[in-house]
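I have placed the structure first, in the form of structure tokens, so that the comments after it can refer back to it.
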Amino acid sequence: MAKEKFERTKPHVNVGTIGHVDHGKTTLTAAITTVLSKTYGGSAQAFDQIDNAPEEKARGITISTSHVEYDTPTRHYAHVDCPGHADYVKNMITGAAQMDGGILVVAATDGPMPQTREHILLGRQVGIPYIIVFMNKCDMVDDEELLELVEMEVRELLNEYEFPGDDLPVIQGSALKALEGDAEWEKKIIELGEALDSYIPEPERAIDKPFILPIEDVFSISGRGTVVTGRVEQGIIKVGEEVEIVGIKDTTKTTCTGVEMFRKLLDEGRAGENVGVLLRGTKRDEVERGQVLAKPGSITPHVNFEAEVYVLSKDEGGRHTPFFKGYRPQFYFRTTDVTGAVELPEGVEMVMPGDNLKFKVELIAPIAMEEGLRFAIREGGRTVGAGVVSKILD
């Protein structure tokens, strides 16, 4: 069968394997690429290619991540797999690998383990919207009742963290047997591919979301007015549309009277483009870096939120010492730093470099935010942590 050329016409979906150490996440990743490439075209990735994950930097944090891709008849998948537990924590919190869905791998021989729970909780906190379960190593369990018991346990655990545990797909398989070419177990990988296709909805593209442009710079052009520049985060801005300026100060409304890119005038600016937006009747000192330009009513400013946070270790260039109650670092959202006071959870006295935890923050100025927004924690310009807004509290 001839290899198909890469079709950009297929919808693109981001997924990843999550779950306890040694439950077979990387073996499953290899099995998916091997079986699906044999069935639908594409290229297989061997276990050691995936396991030897390259390091990458996200928000100043080094993370080891393997990226593979594969196709089903209707979709193209980009899939991330991390070698170590700490890499998962960092990956999920920084959003280095934004997942439209997660494949939770649970060994039938062990059932749910501490990291199984931790990854489900993290998935809930950082906003992984859909989870599919692959029960691995089922070839090593002869007792049908035991398999049912493990499946029930996993479903209950997912319910506990507000995933629809009773309804989501659970596939019982063996990644190793599938990788070795055993036809009975290969079928289970095909089944997993079908579950990805049917259970994870097509993600909304950045361009279809409401317009947001984080402001990086402000200029005044004599005779024309004020121009703000930045990279359009999502959506489209058209000349003549009303926009809101949100964050830091009170929200104000204005109209976009021009869009330019590389000194050329355009009718619109789109997600991913670096543009200048001319604002009608807005004075130079009424806008500043750190605010966002947004579709009216689509995003609101907040000061109080709960966050899931990873604190950099000393080796990663983070703090050398723990921090305590009353910690007041800067929180870097999109384009600017805002000081905030940290409220540690009950019973937590201090936080060590390398920890991950949930805490509350009160900023000294409001920032345009929604749940799922990523930020860095900084001290005097140096990154000491990364976080994601898991819940807005005001």
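Just so you know, the numbers here start at 1 and follow the chain as drawn.
Just so you know, glycine gets a Cβ as well, placed from its N, Cα and C.
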The annotated region 'G1' range in Swiss-Prot, which must be one of 19-26, 283-290, 315-322:
19-26
Can you check which of 60-64, 90-94, 205-209 Swiss-Prot lists as region 'G2'?
60-64
Please give me the CB contact count at 10 A for CYS82 (GTP binding site), counting all chains in the structure.
24
For the region 'G2' (60-64), mean pLDDT (0 to 100):
84
Looking at Cβ-Cβ distances, which residues of the chain lie under 8 angstroms from GLY19 (GTP binding site) while being 6 or more apart from it?
LYS25, LEU104, VAL105, VAL106, GLN115, THR116, HIS119
Where CYS138 (GTP binding site) and THR26 (Mg(2+) binding site) are concerned, what is their Cα separation in Å, rounded?
16
Surrounding residues of the region 'G3' (81-84) on its own chain - C-beta under 8 Å, 6+ positions past either end:
16-17, 21, 25-26, 29, 50-51, 53, 63-66, 68, 91
